[in-house]
Amino acid sequence: MKFENVLADINGFGKFQIMIIVISFIGRFTMPCHFMLNNFVAAVPSHHCDISSMDDGGLFRNLSHKEKLIVSIPVQKDGTPSSCEMFAGPQYDLLLNSSDIAELPTVPCQTGWVYDNTTFKSTLTSEWDLVCDRRGKNKATATIFFIGVMFGAMTFGSLSDRFGRRIMLMVSYVSGMLFAVASAFSTTYVMFAVLRFFTGFCITGIVIVSSVLSVEWVDIEHRKLVGVIDSLSWTFGNAVFALIAYFVTDWRRLIVSVTSPLILAIITWRWMPESARWLIANGKLEQAQMYLKKCAKMNQAEKAVDKLKTEVLSTIVVTEKRDRAYSYLDLMRTPKMRKLALSTGTLWFCVATTFYGISFNITGFGLNIYLTQFTYALIEVPAKVSVYFLLDKIGRRSTEVGALLLAAVSLGINIVVPKDMSVVRTVVAVIGKGFSSASFATIVLYSSELYPTVVRQNGMGYNSFMARLGVAVAPMILLLDEVWKDLPQVVLCFAAVFGGLVARTLAETRNRCLPETIEDIEEQGKLILLQEQRG
């Protein structure tokens, strides 16, 4: 007997499932905000050397601000003051002839920097002078956060398979909120970096647990809808984040603002049910029966309550050791399970690298930073709505492969489009963002359907680990423009193509029951191949 049979009796997509989706939506809102937070809290405002040390009490003091800049700071090719250098002393001759400054001696900024506060009231950059030779520390804040996310994904995936989805969701809510708010009160860069690591570590449990909970409670025909809705919560969060960042220009207040929705998530957690699939797989039949009866009652399927006996539920999952604790090692112990883990891990790495490589480049096309963030979020709506129809029309695998290859095409086009055609490049980049978003929306649902119930959370945790590894690498890939301007685009294009090739090797899951045990994966491998050949 399959769990889907039980869901069919109690309505696999009713008010009970909608309640789960809404609660998950509330908790997931803060996730995209924190993932994209570095675009704003670590933004680099226009800046130049602090020239107060040039004031010798004489002529310099009587100059206008514009004249002080002329005699103190060399001009770059675009006509703006240099960001990292200043003259060794006031060059008053430049007031008469500013055309020849090539031979004048320059030194690194001596007494700090002055920042343009027009766009941002305060950022990490201006707070701790993370510019010029300290530029690496600025980029490192994003990487440190995602390394925390990477290890958190593994940890929460394992713990929720061992202790349950529901309790680990609350742990993620509370710990993520505490570390995030604490980071807003950091007094040093090191303190901020450490707290951001733990914020990423704890907050990733929200998406890891909630996505699996949603999928495990719905029937087959509505699984894709839940996957798309969960994905749209990221789109909604990204769009609203652009508006929040526009009005909250102080980095400390911005962190608190985007973290505050977790208070509401904690309040609504009391109505979040435990996964009945997980309870049955772990032999907790009475608790599973309780939640299934609640589901039947809320979905107005009271007639099915009498069928929900523990004796019946005990026949749903049959494992060789019901009380055995599963771990990440189980992903590698058997041949087909090992192949599945290696393939999905590689795919998640490629998808995440492509998606975030495009998402982090919000200043690369000349648009306003807030408008770019909002546009990148907006393009996800048609992309994900298209995914909803394509998942059943052409299948999960074809949708994933197509989205990645089309994202690669967009990245490839921007390599050959001239730099002065900024409008064309921006349009192509936004389209590429849409395709990469579609690939991400697909892979979350696709992966959760590929893994069996007993290790599904471990599998998703491992996949998320690989994805966050890709995200952590993405900021470093963008720095490759110092080697060759188009090298980041080439690397991202290759990642998308390789991901598409890997996705082609995975089994189709459209209209198929979720596997319950590792044995299902091993035994059904040949059956799936036969079905695909006949189809």
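Keep in mind that glycine also has a Cβ here, set from the backbone N, Cα and C atoms.
Please treat TrEMBL annotations as automatic predictions, because they have not gone through curation.
Small disclaimer: the values here were computed from a predicted structure and weren't measured.
As annotated by TrEMBL, transmembrane segment applies to 12-31, 140-159, 171-192, 198-218, 225-248, 254-272, 340-358, 398-417, 423-448, 460-480, 486-507. The domain 'Major facilitator superfamily (MFS) profile' annotation in TrEMBL covers 86-511.
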| task | State the non-local partners of the transmembrane segment (254-272) in its own chain: residues 6+ outside its ends, Cβ under 8 Å from one of its Cβ atoms. | result | 19-20, 23-24, 26-27, 29-30, 33-34, 37, 40-41, 166, 169-170, 173-174, 176-177, 180-181, 183-184, 206, 213, 241, 244-245, 248
| remark: Of the listed stretches 198-218, 340-358, 398-417, 423-448, 460-480, the one with the highest count of C-beta pairs below 8 angstroms to the transmembrane segment (171-192) is 198-218
| message | Same chain only, please: residues at least 6 beyond the ends of the transmembrane segment (398-417) with a C-beta under 8 Å from a C-beta of the stretch. Say none if there are none. | response | 347, 350-351, 354, 358, 387, 390-391, 424-425, 428-429, 431-432, 435-436, 438-439, 442-443, 446, 486, 489-490, 492-494, 496-497, 499-500, 503-504, 506
| task | Determine which residues of the chain contact the transmembrane segment (12-31) at the Cβ level, with the cut-off under 8 Å and only residues 6 or more beyond its ends counted. | result | 4, 169, 173, 176, 203, 206-207, 210-211, 213-214, 217-222, 225-226, 229-230, 233-234, 236-237, 240, 258-259, 261-262, 264-265, 268-269, 271-273, 294-295, 298-301
| query | Any residues 6+ beyond the ends of the transmembrane segment (225-248) with a Cβ under 8 Å from its own? | reply | 13, 17, 21, 24-25, 28-33, 36, 40, 210-211, 214-215, 218, 254, 257-258, 370-371, 373-374, 376-378, 380-381, 384-385, 387-388, 391, 437, 440-442, 444-445, 448
| remark: Most Cβ pairs under 8 Å to the transmembrane segment (486-507), of 198-218, 340-358, 423-448, 460-480, goes to 340-358
| said: Give the mean pLDDT for the domain 'Major facilitator superfamily (MFS) profile' (86-511) on the 0 to 100 scale. | reply: 87
